[in-house]
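Remarks on the structure that follows.
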Ligand code: NAI
Ligand code: MG
């Protein structure tokens, strides 16, 4: 089993270090770890945010554990050299089209939700976000216009792209509460019209899953009004990005939410994937020991489950995390004073207590 670890920028290395400590404690037999540069740090060292060597390392692995990229010192670089291009490049080069972002409330954490405790308690949803299309990958550019400089980003989805992510969504719903809400903007966008029609077509293969549709503006409103109504939310790249950050605030903190990015490639042990917290490099708190490492640790749990077939260990990590999140060991993002390392310590203690 090979894991490529790409810590990246800002708080990326800080939170990834804690996930790595958890991985070390599990001492899985036959596991080899590789570490590579990605993002701003890679640009500074190798002249490119996603060096060929890093891409090759990721390709050769069974799974990638990713931190975050983004460095204010790189803000003025041309787009192709900006750190964020590294994660977009990995997602497209590795064919990772399905982004799974679970968001569930923790007993004892309702006080930290931006929602009323009784509303927050009901959250248990999974955002299934398409990751290889939409405005992030469409034709884009800048031109002169009568109104000054004009930028454009083309949004597009074809049926094949929608179909494969829809299958991911329905399969996930079958393993959960069998409800799928497809989120689009079909009242105004052509991409969304194709999206909706294709999802309806795929739904015929999953008669046991209840499908409904919501416009994204309504979905954003419903998520803060009564998030408990959602099971699986199936949506495109841009809407999924926004709605999952929103879901994190409903749970309590962006530092708690993990994600898996999966494609079609199977490894000996499961599905090849890239795993990362949903947050970014958080330059405002980088280097201060204030980052919550829970999202990174839960990303490791998802990696063990989906790519390495280690459900037992994944479940143990998740139980240990639940114990810590419900305890008084809280980082600044949850109104506490615990440092990144102290939260990692607490997870390791909870893991040992389970063993
Ligand atoms: P961000 O997610 O890095 O930070 C948003 C806010 O949440 C900040 O106040 C930050 O301090 C806080 N936060 C984030 N993670 C936290 C954690 N683990 N514990 C405690 N607080 C946490 O998003 P932002 O500020 O919009 O972007 C910063 C940089 O990250 C940018 O360069 C952006 O492009 C990049 N980014 C990279 C992503 C990736 O690598 N996949 C995803 C999102 C943003
Ligand atoms: Mg985001």
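Keep in mind that glycine also has a Cβ here, set from the backbone N, Cα and C atoms.
The substrate binding site annotation in TrEMBL covers 91, 101, 129, 217. In sequence order, 98, 99, 100, 101, 235, 236, 237, 239, 240, 241, 244 are the residues of the chain that are 6 or more apart from residue 129 (substrate binding site) and have a CB within less than 8 Å of its CB. In the three-state DSSP scheme, residue 129 (substrate binding site) is classed as strand.
The Cβ of residue 217 (substrate binding site) lies under 8 Å from the Cβ of 185, each of these being in the same chain and 6 or more residues away along the sequence. The annotation Mg(2+) binding site is assigned in TrEMBL to 217, 241, 245.
Sequence-distant neighbours of residue 288 (NAD(+) binding site) (same chain, 6+ apart, CB under 8 A from its CB) do not exist here. Residues or ranges marked as NAD(+) binding site in TrEMBL: 280, 281, 282, 283, 284, 285, 286, 287, 288, 289, 290, 291, 292.
Feature annotation from TrEMBL assigns domain 'Isopropylmalate dehydrogenase-like' to 2-347.
Sequence-distant contacts of residue 136 (site 'Important for catalysis'), defined by Cβ-Cβ distance under 8 angstroms and a gap of at least six in the same chain, are 88, 237, 238. What TrEMBL records for 136 (among others) is site 'Important for catalysis'.
A coil conformation is recorded for residue 185 (site 'Important for catalysis') in the three-state DSSP classification, outside any helix or strand. The site 'Important for catalysis' annotation in TrEMBL covers 185 (among others).
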DSSP state at residue 91 (substrate binding site), helix/strand/coil: helix
Pairwise CA distance, residue 245 (Mg(2+) binding site) versus residue 91 (substrate binding site), rounded so that it is a whole Å: 19
Rounded mean pLDDT for the residues that make up the domain 'Isopropylmalate dehydrogenase-like' (2-347): 96
Residue 290 (NAD(+) binding site) to residue 91 (substrate binding site) - Cα separation in whole Å: 28
